[in-house]
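**Q** Below is one structure. I have some questions about it.
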Amino acid sequence: MSSKYPRSVRGCLPLWALTLEAALILLFFFFTHYDASLEDQKGLVATYQVGQDLTVMAALGLGFLTSNLRRHSWSSVAFNLFMLALGVQWAILLDGFLSQFPPGKVVIKLLSIRLATMSAMSSLISVGAVLGKVNLVQLVVMVLVELTAFGTMRMVINNIFKTDYHVNIMHIHVFAAYFGLTVAWCLPKPPPEGTEDKEQIANSPSLSAMLGALFLWIFWPSFNSALLTNPIERKNAVFNTYYALAVSTVTAISVSSLAHPQGKINMTYMHNAVLAGGVAVGTSCHLISSPWLAMVLGLVAGLISIGGAKCLPDWLPDPLQHWGTQLGHGDSSHVWFPDRFAPKSQNMESTSCG
């Protein structure tokens, strides 16, 4: 469906975005250069492969998870890709400027792109709370402000607590969830004309959203291990993330079916609950030395995710109740925070388990 903004506004919004892109090109021209060091070819290929996994998670996983709004069922994927492309550029510059004193030219490495992609995912998580309620320029401002705040927060945490990149980036779930809630809460009320139609859920949202969840599920071990440099820690992170995801998936599907009077699986809850284990072990995945610990975390995460989805929506005020199902998609900290729990909807799809 076409935009309901006036023609004059529709013409200005893309021009603002193009102007910003031109400014970014100038910043890259004056303040960046490629790393000239010779890297080991084997290590270079491995680094690039991890970067590919992260891009698939961001572009396809989070993109399809936003496709359950009727007017944004497919355009949400384009908005997601737009924010990702813009966010990666800004995050590379921001991380470079914040990490060196005095500021100089930013050296771009594959690690820089990998870290920037993970940082940009914070805005893709938060946008679930406002998709359908903001225009293109507002999305651009949201990306720039959020990534600046997230990068500054990581720098402060690193300087005070002396943590590494892995621990810093794992705060993305908490930060993005509450940033998205804050933006949604600050948007003007009542919404502009036509917003109610934009907010309506599509009749069959589960297929594309579940496809996004599958992309995230498959590549989540890469996300949790992307910034670890010690081979043993990376191996532990991959193993523990996989076991936690597997157990949380079995738990979520079983409990969802058990809680339904007719034994059906609520697919809307599944989009996020199957990923609960990956979020739960994110910060400590490289420290867990035995698979049973990760499996217990996955079990608890699945129980909390489904239990919260079933019980908490009635207690949440607007706009948290309506937008809780959108906020953070599959990558948010739905294990711990009530803003992740989905509201009841007549359009929720269920699948019989027996």
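The first residue you see is number 1, and the count goes up from there.
Just so you know, glycine gets a Cβ as well, placed from its N, Cα and C.
Just lifted these from Swiss-Prot, have a look:
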type	residues	note
TRANSMEM	11-31	transmembrane segment
TRANSMEM	45-65	transmembrane segment
TRANSMEM	77-97	transmembrane segment
TRANSMEM	125-145	transmembrane segment
TRANSMEM	167-187	transmembrane segment
TRANSMEM	209-229	transmembrane segment
TRANSMEM	238-258	transmembrane segment
TRANSMEM	287-307	transmembrane segment
**Q** Under 8 angstroms, Cβ to Cβ: which one of 11-31, 77-97, 125-145, 238-258, 287-307 has the largest number of such pairs with the transmembrane segment (209-229)?
**A** 238-258
**Q** Looking only at residues six or more beyond either end of the transmembrane segment (238-258), which have a C-beta under 8 A from one in the stretch?
**A** 217, 220-222, 224-225, 264-266, 269-270, 273-278, 280-282, 285-286, 288, 291, 293-299, 301-303, 305-307, 353-354
